[in-house]
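K.L.:
Please find one structure pasted underneath; my questions will follow.
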Amino acid sequence: MRATSSLLNLLLLSLLTGLDPSKTQISPKEGWQVYSSAQDPDGRCICTVVAPEQNLCSRDAKSRQLRQLLEKVQNMSQSIEVLNLRTQRDFQYVLKMETQMKGLKAKFRQIEDDRKTLMTKHFQELKEKMDELLPLIPVLEQYKTDAKLITQFKEEIRNLSAVLTGIQEEIGAYDYEELHQRVLSLETRLRDCMKKLTCGKLMKITGPITVKTSGTRFGAWMTDPLASEKNNRVWYMDSYTNNKIVREYKSIADFVSGAESRTYNLPFKWAGTNHVVYNGSLYFNKYQSNIIIKYSFDMGRVLAQRSLEYAGFHNVYPYTWGGFSDIDLMADEIGLWAVYATNQNAGNIVISQLNQDTLEVTKSWSTGYPKRSAGESFMICGTLYVTNSHLTGAKVYYSYSTKTSTYEYTDIPFHNQYFHISMLDYNARDRALYAWNNGHQVLFNVTLFHIIKTEDDT
């Protein structure tokens, strides 16, 4: 395109100025100057031309016309270049299409040759697709049935809406204040009825419910029976000796998931598994002693400690499973208790009620049941219930009432699911037994026989 533009420029120069294209050495002030002219291998003319000075040409009418024509020619040259590029691109596209057409022609030829084979193959594919669609037939039938059910449901909903509308209109007939007063009256009557429920007698134990599996074969876990309904913290004490770490969880759910909220490092090691949390404090037996420790979780320190006079310790009078379980601390609806044995009582169980602040013994009861023959024990409403074993077949075999200072033999079985119980304590708030059963933390439900007080009872 550059050679063509030069040729056109030279021709226009010859026509407009009358110059001989082969003439050279023209003064720049007189007009155009041709420095050289030649032919390329294709026979095209290539020339080098210098335009005259601007100050002379600007006043020359012919030069002005020449300049305008040159601009048009240059524009045409650019258009031709663009057209050439497009032509080259279209040519490449045509070549590509030609190749594709040749390929399609070959494929059609192959299809014609293999028509019978392809028809068989396509038929098989169609048959397979039909086989895939066959199971949809019963589905469509089910859709029809479901559509009928939906229609029926719509009708029932319409009927129910009409009934609810009628009920709403009927309720609207009552005065809101009247309904509110009736609710308050029912609440008051319910509270009065609950006040008449006194402590009951144990009748049945059901369960267990396995809450979690963790720790060693021996340990303790508990909640605070005096905590508010919103406070469901759980405390966990693994093993029966050589440990001082108490783990706290904000709820049963956190306990199950293992999300600890706090860890306490006690100042002393504990003995056994018969600890209790009561009114925000932990009560436990100090290792290798008959000393009882009161430790405040909120303050993080010991608030009181006292020796339990004459109480055996360090496996002198343990439960049947051993484990330094000589002193058993527990709580019920009445208060805080200690269950242990003494030489003075011939190794039989002694029940002592404790002052929760000072740990002083306020009153004691001596029973005739050997401590070493008891599997575990717990208090409900001032009555001690004793199991005859910690193994399979265990049952509540003996009870002693601190209210009447009398005992009786009982027969209340319960399911020892994991064959070895090392902790069994009653929680008055939950009305449940917390147990550590061979590395499993479980709950038992209890059924109590209640006596309803009447207006005539004093």
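Here the Cβ of each residue, glycine as well, is placed from N, Cα and C on the backbone.
According to TrEMBL, the protein carries these features:
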| type | residues | note |
| --- | --- | --- |
| SIGNAL | 1-24 | signal peptide |
| COILED | 59-121 | coiled coil |
| COILED | 150-196 | coiled coil |
| DOMAIN | 198-450 | domain 'Olfactomedin-like' |
| DISULFID | CYS199-CYS381 | disulfide bond |
K.L.:
Tell me, how many other CB atoms lie within 10 A of the CB of CYS381 (disulfide bond), whichever protein chain they belong to?
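P.N.:
Around the Cβ of CYS381 (disulfide bond), 18 other Cβ atoms lie within 10 Å.
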K.L.:
For CYS199 (disulfide bond), which residues in the same chain are close in space, meaning a Cβ under 8 Å from its Cβ, but six or more apart along the sequence?
P.N.:
GLU333, ILE334, ILE380, CYS381, GLY382, LEU448
K.L.:
Taking every residue in the coiled coil (150-196), what is their average pLDDT?
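P.N.:
For the coiled coil (150-196), the model's average pLDDT rounds to 61.
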